[in-house]
């Protein structure tokens, strides 16, 4: 595998496009001076022995990626209130058992989302916030609105609550969390896959707390037999239900974020996705009320889930394609060799790169992981430059180019 070193002259010339006026061709535009086209790729420096770690290097600017402390404080306050509510309404023992069992479907959703998020992992802080919003804030908002409606119009039928009220209120509460994540982390929430990830995590968190209630009530009313049946229905047959609903809202927001990134555009697109989430949620709940749940589950809900998976696979491939296109633009400028682009922008290439790094003295897989992460982030920065929606892109670009060069040097050090 080839890293660093000069690229072939015919490969290092910038790509030219004919101009509309027939004059000089347009050259690729790069946000920072570090990324201007060069004739040769920067050679990889070789040192006598590899150091134990990379030196201190510039890191991409992370303004907007840190969730405000007051938001976590607010979530903590609501959490205390919810714990008190569950203990008062259901008892400490039943609530505790329900909590432990509810961790199983939450873990299933989390692992599924991690598989989706492997290409360009989202910040851990925002992942935690997404789960917390769904499990705490969205549940709290739903309970408050339900209480207010009960006080105003009195009790409603279970059918009305399940098919109409619950989808509307719950999806709005969850969708608000996805939109907050966009506002907090606009520079990392930049595509439909990101929206699906955050939406699914919010939905998974919501289902976690809701499952605590369902499992505890089943234990109280029917003992272990009813609890087992409820766990199979909610924890094993449909752990991704809420995740799928809210993922529609996140998907719509992510599409708008990639194209426009303005708050109003994302909110408008999210509203369209929200309607789809409400309809899907109402259909899901209605299948248990108006029809044979298991027959509808097999004939409609399972194919729907399969379609959801296929859509995610297609979006992942599109992300990989965009990554390759953006890195090829840097390769034209001389920052990567064609071999490096092929390795960094394809799943198979990344596996080969990791095996190669493992064969080096000292097992340099952590360095290869860093190289892959930085290159993927650089491609995302380039996409933001193209759309002209990030005034800080030049800072991120400069830092990532510097880090990529240093990591390549460490990989090749003797």
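Cβ atoms are placed via backbone N, Cα and C, with glycine included.
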Between the candidate ranges 29-54, 159-184, 341-366, where does TrEMBL place the transmembrane segment annotation?
159-184
Quick check for me: are there 3+ Cβ pairs below 8 Å between the transmembrane segment (236-257) and the transmembrane segment (67-88), leaving out pairs under 6 residues apart?
no
So which residues does the transmembrane segment (67-88) touch in its own chain, when a touch means Cβ under 8 Å and the partner is 6 or more beyond its ends?
95, 125-126, 129, 132-133, 136-137, 139-140, 143, 180, 184-185, 209, 212-213, 216
Would you confirm whether the transmembrane segment (196-216) and the transmembrane segment (159-184) meet the contact rule of 3 or more C-beta pairs below 8 angstroms, pairs 6 or more apart in sequence?
yes
